[in-house]
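Under the heading domain 'DUF1736', TrEMBL lists 294-366. The repeat 'TPR' feature in TrEMBL is assigned to 482-515, 516-549, 550-583, 699-732. Feature annotation from TrEMBL assigns transmembrane segment to 20-38, 112-132, 173-191, 203-219, 225-248, 269-288, 355-374, 386-407, 413-432, 441-462.
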Amino acid sequence: MAELDADLDRILPSPVLPPFWAKLVVGLVAIVCFARSYDGDFVFDDSEAIVNNKDLQAETPLGDLWHHDFWGSRLSSNTSHKSYRPLTVLTFRINYYLSGGFYPMGFHMVNILLHGGISVLMVDVFSVLFGGLQYTSKGRRLHLAPRASLLAALLFAVHPVHTECVAGVVGRADLLCALFFLLSFLGYCKAFRESTKEGTHSSTFWVLLSIFLGAVAMLCKEQGITVLGLNAVFDILVIGKFNVLEIVQKVLHKDKSLENLGMLRNGGLLFRMTLLTSSGAGMLYVRWRIMGTGPPAFTEVDNPASFADSVLVRAINYNYYYSLNAWLLLCPWWLCFDWSMGCIPLIKSVSDWRVIALAALWFCLIGLICQALCSEDGHKRRILTLGLGFLVIPFLPASNLFFRVGFVVAERVLYLPSVGYCVLLTFGFAALSKHTKKKKLIAAVVLGIVLINMLRCVVRSGQWRSEEQLFRSALSVCPLNAKVHYNIGKNLADKGNQTAAIRYYREAVRLNPKYVHAMNNLGNILKERNELQEAEELLSLAVQIQPDFAAAWMNLGIVQNSLKRFEAAEQSYRTAIKHRRKYPDCYYNLGRLTQAGRDPETTLHKYADLNRHVDALNAWRNATVLKPEHSLAWNNMIILLDNTGNLAQAEAVGREALGLIPNDHSLMFSLANVLGKSQKYKESEALFLKAIKANPNAASYHGNLAVLYHRWGHLDLAKKHYEISLQLDPTASGTKENYGLLRRKLEQMQKKDV
């Protein structure tokens, strides 16, 4: 495609770089754009997909990755998201192993390098799209459009819409999918390399390899399967030189030569189409079987247009979403981590001014499609067809046309479609350069776009380094998005700023009165601030809106317990367990129903008051079975058994707990108390001292060790630790009383000695 490169010569006048140097430049630019995110935290969805995903840890068998979704849940579960990406999760697991834990830098570095590698690969992809497939006598493909390939690859490398995929670790699914998608496409191109001896076998091998790489792409993210459709379009329209305009004209004129159309008599093409179609159908069938219980269930807040009753309203809003995606490619200035929950209000009437965006989108698309299919210029047809193919085909799974998706707009799904955008933009610059004399102005525009996009990438990467920056950056883009306010509130609450968190949670509930997660979190904060009545109202409303919301039922039970409504609290706990069988914290709270306070060392247990010791112990035992490291449940079992005189059983439970959590000083303290009462003074002393070493400022640890020494007869040591305890907590009445008894005893002993 020397003509296209000649058109770009004036606006990209630098000497033509050899392919190696062109790739090196593109790769370095791609890495520089997003390098700022290398030391970022795990943000937004990273917490669920990585930090809380047990599939990353060595304790989970590798085989489980093939039965779990992207978030670590079983695919057969009704609550599963059904996102099946085992190869992506496997790379997370390798990252975790090599990093020695959840250290985000290693995860971010892999993402940045992946984007750099994909950008390098784009030089070859764009070379095919712009220059076509021509080979030397030795079978090496010629690079016929080096300037166009370099410019398009640079535009791809610096596009800010890629920030979510690169700076967010979860975006690795899109990066890996894109990598194998492009390898599949390039592999398919190799099937048409000229070969005199082994042509047929070589072609079949590369087609099969391309299909295999497409399957690998699908195992990284579902979007990967669309490469088979793109390869088919490439084969029919580019390799088969299928001219739609010519065919339409022959049909209209009833031309008999239509019966002898070369494409229909091309056995190789029909064979390849059969392979692609049957392979695609097989992949979809296997994927459907793996999903187990059918497609995932999304809610109205995830994708409100898909729940509209009117087909017309759904169609208008879907097309409006497409126009917003197109705008993000054209002008990636307003970027947001989440576009749901009121961020984009529904269009309910054709009188809404936003329908202009739909008309503009389809006006441009129809014009491009007509040029792509009907132009007499074969080079122009190929470039526009493949540009539109890359733009539209990978986007189809996110289009709501085949199934409901769980988002309104998602920047991450534009990673592959942006390839098509870069093709069309580069072609547009070449066309402008050809038809205008202001070459320098076009060159300045191209340079400006590249530099501005680079700057935007650097800024946006910085926003993705922490949740606080990421969430706050969304306020100016989507101020009506309840999830934005919710996430800012959650971030503030995690940092201990409850007052500010309450304000954002209230705004989230105002924007979306059915936002049960915001109600639950707000209710939790109000509970901690002892504003129990409002907390109960919010949590009751949350479970009324979503009756299977187990966490809200448990929190409602805690509030009712604090209000001394024990029967209602017990019912709430049991309802939570009914909806979530494996809920250790709820079993813990069920056993911990109390009449006064929440400190396990100072409370009287309601179960104990009602002679329901066994029920309490069973509840805590269930908690420790589901979560063996549940220190509080172990502690409560030891304390209850201790208080009821079952010292032998308390000792056995304490030893079992320390065997599982050997460095927990609170368990050492509880077991030391039991051993002291059993007159095992030496062992008790060792545990007390170990607990104090771990937590030297705990007044109760020194106080109870003093009691042990007091009983044991080591009065000087008892006096020392009573005094330390009172220095740490001068208000401890029990310690004061025991210290007074000890002093009187010491005084009596002194008088006796005198």
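Each Cβ is built from the backbone N, Cα and C atoms, and glycine gets one as well.
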Ranking 20-38, 386-407, 413-432 by Cβ pairs under 8 Å to the transmembrane segment (173-191) puts first 413-432
Other same-chain positions with a Cβ less than 8 Å from the repeat 'TPR' (482-515) and lying at least 6 residues past its termini are 44, 301, 336, 338, 340-343, 467-468, 471-472, 474-475, 521-522, 525-526, 528-529, 545
Would the transmembrane segment (441-462) count as touching the transmembrane segment (112-132), i.e. at least 3 C-beta pairs under 8 angstroms with sequence separation of 6+?
no
Relative to the transmembrane segment (386-407), which of 20-38, 203-219, 413-432, 441-462 accounts for the most Cβ pairs at distances under 8 Å?
413-432
Taken over the domain 'DUF1736' (294-366), the predicted model's pLDDT averages 87
Are there three or more C-beta pairs under 8 angstroms joining the transmembrane segment (203-219) and the transmembrane segment (441-462), sequence spacing 6 or more?
no
Write out how many residues of the repeat 'TPR' (482-515) are helix, how many strand and how many coil, based on DSSP.
27 helix, 0 strand, 7 coil
Let's see if you can do this one: DSSP helix, strand and coil counts over the repeat 'TPR' (550-583), in that order.
27 helix, 0 strand, 7 coil
Do you know the DSSP helix, strand and coil residue counts for the domain 'DUF1736' (294-366)?
36 helix, 0 strand, 37 coil
